[in-house]
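Per TrEMBL, these features apply:
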COMPBIAS  197-214  compositional bias 'Basic and acidic residues'
DOMAIN    1-79  domain 'DED'
DOMAIN    99-174  domain 'DED'
DOMAIN    239-362  domain 'Caspase family p20'
DOMAIN    389-476  domain 'Caspase family p10'
REGION    179-223  region 'Disordered'
Amino acid sequence: MNAPQLLEIDEDLTSEEVAQLKFLCTDTNLLQKKGLERVSDAKDLFLRLEEQGLLEDGLLIPELLVTIRRFDLLVILNTSREKVERQLHTRDTSKGVSPYRKMLYQLYEDMTKEKLSVVKFLLAEEIPKSKLSSSLLDILIEMEKQQMLGEDNLDKLKTILEKCDKQLANVIQDFNKMQGGRPPLQEVSNHQPSRPHYPEPIEKDLPASRRDSSRNLFTDAQPPEQFEDNEYYTISHQPVGYCLIVNNYNFGKAEKFKNRKGTEKDKEALIRVFQKMKFVVKVHNDLNASDMLNVAKEFANRDHTQMDVFACCVLSHGEKGAVLGVDGQQVEIRELTLPFARCNSLTSKPKLFFIQACQGKLGHEAVWIADGPDSTEEERWEEDACSKRSFSLPEEADFLIGMATVEHYLSFRHTTDGSIYIQELCRQLENHCPKKEDILSIMTKVNLEVSTKMLQGKKQMPEPRYTLRKKLVLPMD
């Protein structure tokens with residue numbers, strides 16, 4: 001790691017991302033708050049870290065970039081997300097960003113504007129108004145300064161979060177449990193660290209020797225005994241399963257197709273929701289058609305014995321019965337699902353596929369609509385491309401394929417807010433999984449909500465196809 005590399009990283013980071021890095025570095029084993037207050041850019045931050053001898057192992061900056069999900073900048077350091085994550089699991093866990101800091105950062109990532117307003121309201125009498133006008137990260141730092149928050153002093157923050165979002169409060173509860181000695185979900189090494197590495201944002205392959213197969217994910221309020229074995233799929237392992245996300249944005253290799261602006265929003269929403277459902281999430285960006293097939297085969301060849309579900313989300317342009325690689329070449333949906341139908345360790349287990357892509361060139365005509373968006377909003381909607389062959393549902397049992405649209409028709413994606421289908425899917429999963437509703441009931445709600453929208457004067461109708469033999473209830477606290 002040299003100065004030109006660090007300078008190139010500095011030039012590509014936004015002021016908001018620099019603030020995030022400063023927050024993650026505000027730790028007893030890294031930098032003190034007072035010194036960081038004068039840091040204005042990443043160059044200055046890297047210099048201070050170097051002065052403290054914190055860059056010697058070459059892993060701290062890659063760890064910071066992975067945590068804030070700037071995986072693209074890892075190329076400058078001649079490394080990759082997968083390599084960094086492997087290295088983090090063998091490093092002395094007393095080094096680097098603390099689990100406590102990463103837990104607080106996760107709260108920041110999951111905090112919406114509406115929820116942040118509630119937090120500010122609840123702290124209005126305890127924190128100066130000038131501080132409450134800032135981001136959640138600044139508010140957390142102010143709480144630490146006033147000794148309202150610390151690694152062993154999380155009760156105040158947890159109480160506040162319980163009043164605006166119990167799922168955020170559960171992040172603190174999970175952290176407390178992990179600090180109490182329970183091995184973390186993401187841990188991969190057979191070495192038991194003195195301090196768990198919490199939370200890693202994407203994939204960690206948990207070896208069978210470390211999985212607690214006896215732990216059930218249903219809450220005490222709804223014990224598994226209430227679900228008859230012959231009516232519901234068994235969900236008894238943690239992690240629940242793998243969630244593979246294929247996110248194709250850059251179609252520069254394919255002249256006929258535009259880059260898929262807004263797809264990052266879909267990717268981020270899927271990561272957040274499937275992690276909450278206790279999946280191990282793995283993201284692959286900008287894959288050619290051949291790479292998409294290879295990734296599918298690689299995951300189908302994994303051992304899913306200690307897992308209960310497999311999920312795959314494909315975000316791309318599409319044609320009827322197919323999705324496209326970033327090279328513009330088609331991959332039949334059947335080709336993606338078939339390897340999992342042949343996977344012995346997934347036999348009799350639900351296999352879920354969610355496809356955000358067009359399946360034709362037609363747009364549903366609106367039969368009736370009371371109000372539609374204005375023209376400036378509609379101009380931000382794009383189609384996810386076009387038409388040729390139909391596809392058939394796998395003949396094998398236990399599949400659910402959630403299509404963003406029915407055959408022959410377009411699906412729509414907002415260039416800044418993401419696709420209507422994926423965003424609604426994530427919203428309904430977050431709203432109804434904690435209520436123990438089954439996946440098909442949730443998909444019906446997605447159909448209803450999406451079908452009521454008017455997009456560029458057209459409608460969109462999602463279509464779930466399935467050979468599920470039982471009801472599937474996915475866990476979410």
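Start at 1 and count along the chain as shown; that gives each residue its number.
Cβ atoms are placed via backbone N, Cα and C, with glycine included.
For the domain 'Caspase family p20' (239-362), the predicted model reports an average pLDDT of 90. Mapped onto DSSP helix, strand and coil, the domain 'DED' (99-174) counts 55 helix, 2 strand, 19 coil. Under DSSP, the residues of the domain 'DED' (1-79) split into helix, strand and coil as follows: 50 helix, 2 strand, 27 coil.
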